[in-house]
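Engineer: Got a structure for you, written out below as structure tokens; questions coming shortly.
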Amino acid sequence: VMAFWILNESLSILLGLSWLGVNLYLFIDTFSWYEEEESFLYTRVILGSTLAWARASAVCLNFNCMLILLPISRNLISFMRGTSTCCRGPWRRQLDKNLKFHKLVAYGIAINATIHIVAHLCNLEHYRWSQSTEAEGLLAALAKLGKTPNESYLNPIRTFHTNTITVLLTTIAGVTGLIISLAFILIMTSSTEFIRQVSYELFWYTHHVFIIFFISLAIHGAGRIVRGQTPESQLLHNVTFCKDHYAQWQTAAQCPTPQFSGKEPSAWKWVLGPVVLYTCERIIRFWRFRQEVVITKVVSHPSGVLELHMKKRNFKMAPGQYVLIQCPSISWLEWHPFTLTSAPQENFFSVHIRVAGDWTEALCKAFGAGGQARKESWRLPRLAVDGPFGTALTDVFHYPVSVCVAAGIGVTPFASLLKSIWYKCESHTQLKLSKVYFYWICRDPRAFEWFADLLLSLETLMSERGKAHFLSYHIFLTNWDENQAVHIALHWDANTDVITGLKQKTFYGRPDWNHEFRQMAYTHPSSNIGVFFCGPKALSKTLQRMCRLYSSADPRGVHFYYHKESF
């Protein structure tokens, strides 16, 4: 039972453990190699075990930097999502967690970068101390190598009085390491949820520091500060014997002076493929940026939502997909994700944009929304559209029963889905999907305005087709004043809801999810039920817990599969 639950509900945990396992393997294997490899025996005399700590964390850093760009390559993920042969069932659902994996890899980079930095700071101190008068024996002999023309040095710090900060600021490894650290700190701190909510633009701009990060990473090892014995020197100079006869290196034929060289930089080999792939991603985006987008309709809703209808050559979409929109007159760099609210059967595509930041506010003003004078079509700003890209919602039609839960403006992805259902039913298309439960939790009654007409037309069509049972929708209003409450009470016996105009009355408060899931599990005892959500994190955790709680341990029973919209 546990194995079945893990396979179907927590494959992401297995993938996370696999990622962790590869990191541990690379770290332990590299650590052991540097602790035992003869070519670095003399290096270990000076540095001790911090050599292995620095190198092992460096390999893990390279591995995670190789992975960090893959989850945000949207065209790659959309391609994989559309390839049914390689992404089916639970594997397909992992694509919905691309941003979660992106963050996980970022934490891996942060941990290994911390280990790497601390280890190298210790290494610099060890290098410096080996030049002191207190150093003696083999340690002192190794530190002094490189003073004659025929010798190569092992210790990059040549005197005890050398300042380690000077070494950091005057070497390739030091300067690039400092740049990499600062760039990564900027990226991580600006990616916090608080910063993204307060200033999405700050998050967007600082995230592009990753270009400097990868350039610095590629040349970080070019300085070759950490050195080991050359293969040619190892053939002539047997370290097992000669390490105990260091006083005779200059005179004994069997122990010539050892020669050292830095390890060839390898970071670029790890990240070259993903960087090339991401570069292709940006080239595709630029090509789409150049394509003309015709704005056919602009609607300003009183609830502070801007509706845009657009057309673009060869634009093909599926329900639940999203696009990235750029407005050059506002910013040449910023692309913002918006879910499509139109259906594939319509001859246009549309988005609904709520004012939720500087960029969206500027966009609404540019289109004359918010009570401003309506602009003529030729005066509207130019928009660039990249996409569409697949999301979790595209899998709604793969289940016999689907549960769609939206909170606030999170209803926009489901507009496309419900429109698509309307068109499919009108054309008598046979669907695997036989039942849809739709929940919408909203604070402001005005927000129902643009969505109520869609629900009303779908409700009417289902009744005409004899499929009134196909769609069960539940609208919950969580915020209303006393006057509204009185008005609602006076008209409660009316045939239609006083707020939405629909036959189904609006509920007040929040759903009892235990009751709702228990009822669905009872109604569909042997079904696979897809649960799709778009909204805040707190409600997402609740729904995820409900899916686990009410899924049967019996493979023949009811199973809830959770999907969350993420951009």
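In case you wondered, yes, glycine gets a Cβ from its N, Cα and C as well.
Whatever TrEMBL says is automated annotation, not expert-curated.
Residues annotated as domain 'FAD-binding FR-type' in TrEMBL: 288-395. Positions annotated as transmembrane segment by TrEMBL: 12-33, 53-72, 101-119, 165-190, 202-223.
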Engineer: Which one of these stretches, 12-33, 53-72, 202-223, has the most C-beta pairs shorter than 8 Å to the transmembrane segment (165-190)?
Structural biologist: 202-223
Engineer: Which of 12-33, 101-119, 202-223 shares the most C-beta pairs under 8 angstroms with the transmembrane segment (53-72)?
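Structural biologist: Counting Cβ pairs under 8 Å, the winner is 101-119.
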Engineer: I'd like the per-state residue tally for the domain 'FAD-binding FR-type' (288-395) from DSSP, helix first, then strand, then coil.
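Structural biologist: Split by secondary structure, the domain 'FAD-binding FR-type' (288-395) comes out as 19 helix, 39 strand, 50 coil.
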Engineer: Within the domain 'FAD-binding FR-type' (288-395), what mean pLDDT does the predicted structure show?
Structural biologist: 80
